[in-house]
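Asks: Sharing a structure, written as C-alpha cells. Questions coming.
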Amino acid sequence: MVVKEQGSSSYSLAPYPQEDTPLLTNSPPLSSQFKTCANIFIAIVGAGVLGLPYSFKRTGWAAGLIMLFVVAYITYHCMLLLVKTRRKLESVTGFSKIKSFGDLGFAVCGRFGRFSVDAMIVLSQAGFCVSYLIFISSTLAFLAAGDSTGESVPVFLGLTSKVLFLWGCFPFQLGLNSIKTLTHLAPLSIFADAVDITAKSVVMVEDVFVFVKNRPSLEAFKGFSVFFYGIGVAVYAFEGIGMVLPLESETKNKDKFGRVLGLGMGMISLLFGGFGLLGYFAFGEETKDIITTNLGQGLVSVVVQLGLCINLFITFPLMMNPVHEVFERRFWGSRYCLWLRWLLVLVVSLVAVSVPNFADFLSLVGSSVCVVLGFVLPALFHCMVFKEELGWRCMVSDGAIMAFGFVVAVTGTFSSVAEILSPKA
C-alpha cells in the first residue's frame with residue numbers, strides 16, 4: 001500500500017507549486033521486475049474483490065467471469081496507452097517531467113486536463129474510502145449482533161449498530177489522517193497487506209468446503225439488465241490506473257514493463273475470478289453483498305473478518321492521501337492543513353453513513369468515476385497525442401473505448417443509483 005502514496009505524494013514540491021508543477025520531483029530507486037510485479041499487485045488488489053461474489057450472483061457466474069476478464073483486458077490496454085502517451089510526449093520534449101496521471105493530463109490538455117484527472121482521482125479515492133467504512137461498520141455490526149439484522153435495528157438513540165461502529169472509527173481516523181508523512185505508517189501497511197492476503201485465502205478455502213457440503217443451485221447468465229451493474233463492480237475491482245505511470249518510472253527495464261504489467265494483471269484476474277466464483281458457488285442465491293458475512297460466527301470466520309477490517313482501517317489514511325494532497329495543493333499552497341484533512345474525513349464518513357449496500361456502492365463508483373478515469377481519459381489522451389501519426393486507426397480504436405466508457409458510465413450509474421434507492425437496499 002505504501003507504493004500508492006509514494007507514487008502520488010506532493011510534499012516534495014516547492015512551497016508554492018504552479019498548475020504545471022509535476023506531483024513527483026524526486027528520483028526514486030529503480031525496481032526489479034519482481035518488485036514491479038509485486039507493486040502492481042498491491043496497487044490494484046483492494047476491497048473491491050469482496051463484492052465480486054455478490055456481483056456474480058446478480059449477473060450469473062459465467063456472465064460475471066466474462067465481464068471480469070473483458071474489463072481486465074481493457075484496463076490493461078488503457079494502462080499501456082498511458083505509458084505510450086507519456087513516452088511519446090517525453091520523446092518530443094527530450095526530458096522527463098511527466099511522473100503522474102495528472103502531469104500527463106496537463107501535458108496533453110493543459111489546466112483542464114490536470115483538473116479533470118484530479119477530480120476523478122479525488123472522487124475515486126474518496127469512493128474507495130467510503131467502501132472501506134461501509135465494510136468495516138457492516139462487518140463489526142454483523143459480528144456484534146450475530147446476524148445481518150444488526151445493521152438495521154436501532155440500538156442506541158435511534159442509531160443502528162452499523163452507524164455506531166462507523167462513528168466509533170471516526171476519531172481514530174482523524175488521528176491517522178493527521179499524520180503528515182506516511183512513512184510512519186509503512187510498517188502497519190506491510191502488516192495490513194499480509195493480513196489481507198491471508199484473510200482472502202482463508203475465505204476461498206472456506207468457500208470450497210461450503211460448496212462441497214451444500215451444492216446450491218447456480219445460474220450462468222441472468223440477462224442483459226444487470227450487465228452494466230456487473231461491469232461497474234469489475235471496473236472498481238481493477239482500479240489502479242493512477243499508479244501505472246509512477247510504477248513504470250521506477251522500473252529498471254522499461255522495455256519489459258508491458259510484459260510485467262500483463263503478467264501481473266493476468267494473475268490478479270485469475271485471483272479475482274476464483275474469489276468471485278468460489279464465493280457464489282459456495283452460497284448461491286444466499287450470497288450477501290459482503291461475502292465474509294456469509295461465513296457465520298465461527299472462530300476462523302471471526303478472525304478473518306476482523307483481519308480484513310484491520311487491513312482496511314489501516315489502509316484508509318493511505319488511500320485518503322491523494323485526496324488530501326490535491327486539496328492541499330489547490331487550496332492551501334501544497335502545505336499541510338489539519339482542519340482540511342479532518343473536514344475531508346468527515347465528508348467521507350457522512351457519505352458512508354448514507355449508503356446502505358456495499359456491492360451497490362462499488363458498482364456506482366466503478367461505473368461513474370472509475371470508468372472515466374480508467375477507460376475514457378487514457379483513450380482520449382492517447383488519441384490526442386497520436387492522431388496525426390495513427391490517423392483513422394487511432395480514432396477507431398480509441399474512439400471505441402471512449403464510446404464504451406461513456407455508455408457504461410451513463411447506463412451503469414443510472415442502474416447503480418436505482419439499486420441503491422430500491423426498497424431491497
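FYI, residue positions are counted from 1 along the chain as it appears here.
Including glycine, each Cβ sits where the backbone N, Cα and C put it.
Feature table excerpt (TrEMBL):
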DOMAIN    32-414  domain 'Amino acid transporter transmembrane'
TRANSMEM  37-56  transmembrane segment
TRANSMEM  62-83  transmembrane segment
TRANSMEM  121-143  transmembrane segment
TRANSMEM  155-176  transmembrane segment
TRANSMEM  188-212  transmembrane segment
TRANSMEM  224-245  transmembrane segment
TRANSMEM  257-283  transmembrane segment
TRANSMEM  295-316  transmembrane segment
TRANSMEM  336-355  transmembrane segment
TRANSMEM  361-381  transmembrane segment
TRANSMEM  401-421  transmembrane segment
Asks: Let me check one thing: do the transmembrane segment (37-56) and the transmembrane segment (155-176) come into contact, meaning three or more Cβ pairs under 8 Å with sequence separation of at least 6?
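Replies: Contact absent: fewer than 3 Cβ pairs fall under 8 Å.
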Asks: Can you tell me which parts of the same chain pack against the transmembrane segment (62-83), counting only residues 6+ beyond its ends and a CB-CB cutoff under 8 A?
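Replies: Distal contacts: 52, 55-56, 101, 104, 220-222, 226-227, 230-231, 234-235, 237-238, 241, 244-245, 248, 257-258, 261-262, 265-266, 268-269, 272-273, 276-277, 280, 374-375, 378-379, 381-382, 398, 401, 404.
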Asks: Pairs 6 or more apart in sequence, C-beta under 8 angstroms, 3 or more of them: is that satisfied by the transmembrane segment (121-143) and the transmembrane segment (401-421)?
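Replies: Output no: the transmembrane segment (121-143) is apart from the transmembrane segment (401-421).
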Asks: For the transmembrane segment (224-245), I need the partner stretch with the highest count of C-beta pairs below 8 angstroms, choosing only from 155-176, 257-283, 295-316, 401-421.
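Replies: Result: 401-421.
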Asks: Counting CB pairs under 8 Å, which listed stretch among 155-176, 188-212, 295-316, 401-421 touches the transmembrane segment (336-355) the most?
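Replies: Ranking 155-176, 188-212, 295-316, 401-421 by Cβ pairs under 8 Å to the transmembrane segment (336-355) puts 155-176 first.
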Asks: Could you name the stretch, out of 155-176, 188-212, 295-316, 401-421, with the greatest number of CB pairs under 8 A to the transmembrane segment (257-283)?
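Replies: Comparing 155-176, 188-212, 295-316, 401-421 against the transmembrane segment (257-283), the winner is 188-212.
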